[in-house]
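Asker: Feature list, courtesy of Swiss-Prot:
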BINDING   CYS742, CYS745, CYS780, CYS783  Zn(2+) 1 binding site
BINDING   CYS793, HIS840, HIS843  Zn(2+) 2 binding site
BINDING   CYS832, CYS835, CYS863  Zn(2+) 3 binding site
BINDING   CYS835, HIS837, CYS854, CYS859  Zn(2+) 4 binding site
REPEAT    60-102  repeat 'WD 1'
REPEAT    113-157  repeat 'WD 2'
REPEAT    185-224  repeat 'WD 3'
REPEAT    226-264  repeat 'WD 4'
REPEAT    399-441  repeat 'WD 6'
ZN_FING   740-786  zinc finger
ZN_FING   787-868  zinc finger
Amino acid sequence: MSGSKPDILWAPHHVDRFVVCDSELSLYHIESAASPSSELKAGSLRLSEETTATLLAINSDTPYMKCVAWYPKYDPECLLAVGQANGRVVLTSLGQDHNSKCKDLIGKEFVPKHARQCNTLAWNPQDSNWLAAGLDKHRADFSVLIWDISSKYTPEVAVPAEKVRLAPGDSETCSVVTKPLYELGQNDACLSLCWLPRDQKLLLAGMHRNLAIFDLRNTNQKMFVNTKAVQGVTVDPHFHDRVASFFEGQVAIWDLRKFEKPVLTLTEQPKPLTKVAWCPTRTGLLATLTRDSNIIRLYDMQHTPTPIGDETEPTIIERSVQPCDNYIASFAWHPTSQNRMVVVTPNRSMSDFTVFERISLAWSPTTSLMWACSRQLYECTEEGKGSSSLDRDIATKMRLRALSRYGLDTEQVWRNHLLAGNDDPQLKSLWYTLHFMKQYAEDIDQKSSGNKGLLVYAGIKAITKSSMGTTESFRHSWTGSDRQADIVHYSSEERCLALQLCGWRTKGADSDMGPFLNSLEQEGEWERAAAIALFNRDIRRAIQILNKGASTGKGNLNLNVVAMALSGYTDEKKSLWREMCSTLRLQLNNPYLCVMFAFLTSEPGVYDGVLYENSMAVRDRVAFSCLFLNDAQLSRYFDKLTNEMKEAGNLEGILLTGLTKDGVDLIESYVDRTGDVQTASYCMLQGSPSDVLKDERVQYWIESYRNLLDAWRFWHKRAEFDIHRSKLDPSSKPLAQVFVSCNFCGKSISYSCSSVPHQGRGFSQYGVSGSPTKSKFTSCPGCRKPLPRCALCLINMGNPVSSSPGASKSDEKVDLSKEKKVAKFNNWFTWCHNCRHGGHAGHMLSWFKDHSECPVSACSCKCMQLDTTGNLVPAENVQP
């Protein structure tokens, strides 16, 4: 201080007043400015665009000030203690206060035995009559003196001249107190001190080489730790066991409950520190200032939960703020306004500054957005959110599909597209393709001895390549037409299988299109049904379908016009009918109506107008090509179409690629485009060979979906997915993660299950399944020592909680056709990893519903509270 280094103190009970201390004490009143451009009042200083400060009083009666402390109580309101260079502590005031108590205290002096500099002062926050002073070292005196300001002065005691040589005025008129209430810290220097809020008689002092905690109830004992960081000790107002101190450019953070070493040491600064201060309105926010700097560094100490016994350091976010352009001499946090401080420069210019909080956003796995700023927490909702499922984010779609058990129907595979909402044509095509693949693969495996069924999952492209050289061509005339022109089409066993996978044919040798066309008519797909009938040379059926479609209530009257046009079909190349149809077909909006005329007007073997109509379903284009293209044309067309599907990530292309490496490439493009790892996972698990399932991309999609289910707290759904995965891919079944071993011999208790045939694996070996008499394992199979007893029912583990009603001898028989049952959860072994007590899971759950402590006598372990995940509730029944 001493005129060259001003300091700032906020009034404890007046949030609009502060004092600047250097060679004199200046009291200021801070108020809001009318406007940034308004003129200042006489004697006012502009602190910021919003605030100004007005000088209220000046006190220059106390020279050689080294430290100042403001009286913590409301009355008297302007009482300050000033520590001087000679060790005296003087009580003074700012302004006029006619309170008799204040008049008795003002001017009172507290004089040590030997003169030396007073470094720090601290009022006791609870007993405000106690004032602690920290002095420099003297070989024959104490350095920590605690004065009682209410004690009577002793004018009869002679004061040596060396004590009063710096005192102003006549020393005989002063109220002098020379006997402190407590004397501490002999033969050492005190550089900083503060009272501990948790106890009014605990004082923390930064001595010359250690931090010491003095207990005034027993002054002969102290707790201390050797350290160089003894300057600027200050207690966190929000966490009374946390203390900060500094030395040179380094700050140490202490926990008084574990005082052996700092719990944290902040990054060392290149320049010496001059001040550290905790923010009174913000938990864990520490501000530091270095010499000759215009930067204040802030350290935000995050509160992150750590496991019991873990000594990991807390997370710290460091940032710097610049309140002004000039060097900063000191700063002070505002006592009530959040993150607000006033800084002062060496030339006494001041600035009112607010540290703006970092805005943090949190986006939950359920797409809820939270915005935290300062003490406010905002929940953000999207305006004008579309109600259509097509407008939803893919994460929302996947979450809803998971709730509907999407992908888990392995019998009627096609139904999975209904579980997905039946609003995505690509998903519909995918699941129908997988359904047909499963259906025909099972039929082929039953009819043949080899693994020809795997060829079905390789896709139509691979199937048709296997028939190269065996394809036969046939000429057929139109059905239901007077024209006898022949149409060339191609057939083979593999092409017939391809048509079945496309849905154009049913199982068996019967090639009747009737059932398929009827199903299309029921779904209202009149144009598609008519086109497929036409492609199968039944022009009369196509006309009938169009007329039927036009006659329905919601039918398109244009269908009658198209039917009339079809009825006039002629195969003459230069006819007016062919010329007009070639021109006008491009004006039709429906792609199937367009390709009907493209087919009729095409040259034999040249059907580009049909094959490259992108609005037409891929399965229909593939089926058409299998009928009318020869082997060479078919191979070239499939190669080109496959590349298009892979680049676009179109799931309809799975019909061509199958669940092969090409299929993985296609799914990769689909996932890159949509982010739908859910469909990718279920699709690849449906029938992919093991080498494809081991592809790192497939494994990444599967693990991503599992993590997504966990993030949504869909733990049951994730378990169902794991079970589904292990059925379709036995190699993915994980090893047992938990096993129970005997305390005496160390052998696994699960060995006892090996003598019982067909015993369920996993946790069933630790519980009771099947017959209550056959499955009792109450002793270790290795050493025959009894298993531990349940802490509640006192029955040896291995016994069921209760016998299953209706159990009979028939229960002892094992039905291999049924799934192996897992033991009931209530019978599982359960134990606490802390106290090692436990019992039947059902009993433990019932106990901890009403109790917090362990059921074993004299054990105070709070077992359930140690399991943080036990407090989480599955969210599978919560709708978004």
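Backbone N, Cα and C atoms are what each Cβ position is placed from, and that goes for glycine too.
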Asker: Tell me the Cα distance separating HIS840 (Zn(2+) 2 binding site) from CYS863 (Zn(2+) 3 binding site), rounded to the nearest angstrom.
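Answerer: Their Cα atoms are separated by 14 Å.
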Asker: Pop the mean pLDDT for the zinc finger (787-868) in here, whole number is fine.
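Answerer: Mean model confidence (pLDDT) across the zinc finger (787-868) is 73.
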Asker: Within 10 Å of CYS859 (Zn(2+) 4 binding site) by C-alpha distance: pick out those among the binding-site residues CYS742, CYS780, CYS835, HIS840, HIS843, and say none if nothing qualifies.
Answerer: CYS835
Asker: Can you tell me the CA-to-CA distance separating HIS840 (Zn(2+) 2 binding site) and CYS832 (Zn(2+) 3 binding site), as a whole number of Å?
Answerer: 12
Asker: Out of the binding-site residues listed (CYS742, CYS745, CYS783, HIS843, CYS854), which are within 10 Å of CYS832 (Zn(2+) 3 binding site), Cα to Cα?
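Answerer: So far as Cα distances go, the binding-site residues lying within 10 Å of CYS832 (Zn(2+) 3 binding site) are CYS854.
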Asker: Helix, strand, coil residue numbers for the repeat 'WD 3' (185-224) per DSSP?
Answerer: 0 helix, 23 strand, 17 coil
Asker: Taking the binding-site residues one at a time (HIS837, HIS840, HIS843), which has its Cβ surrounded by the most other Cβ atoms within 10 Å?
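Answerer: Top count of Cβ atoms within 10 Å goes to HIS840.
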Asker: Could you name the residues, excluding CYS832, CYS835, CYS863, of the same chain that surround the Zn(2+) 3 site, i.e. Cβ within 8 Å of the Cβ centre of those residues, in sequence order?
Answerer: TRP831, HIS833, ASN834, ARG836, HIS837, GLY838, CYS854, CYS859, CYS861, LYS862, LEU866
Asker: In Å, rounded, how far does the Cα of CYS793 (Zn(2+) 2 binding site) sit from the Cα of HIS837 (Zn(2+) 4 binding site)?
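Answerer: Here the two Cα atoms lie 13 Å apart.
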Asker: Using DSSP, tally how many residues of the repeat 'WD 1' (60-102) sit in helix, strand and coil.
Answerer: 3 helix, 17 strand, 23 coil
Asker: Which secondary structure state does DSSP assign to HIS837 (Zn(2+) 4 binding site), in the simple three-class scheme?
Answerer: coil
Asker: Which one is it: of the binding-site residues CYS742, CYS745, CYS780, CYS783, CYS854, whose Cα lies the shortest distance from the Cα of CYS835 (Zn(2+) 3 binding site)?
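Answerer: That would be CYS854, the closest of CYS742, CYS745, CYS780, CYS783, CYS854 to CYS835 (Zn(2+) 3 binding site).
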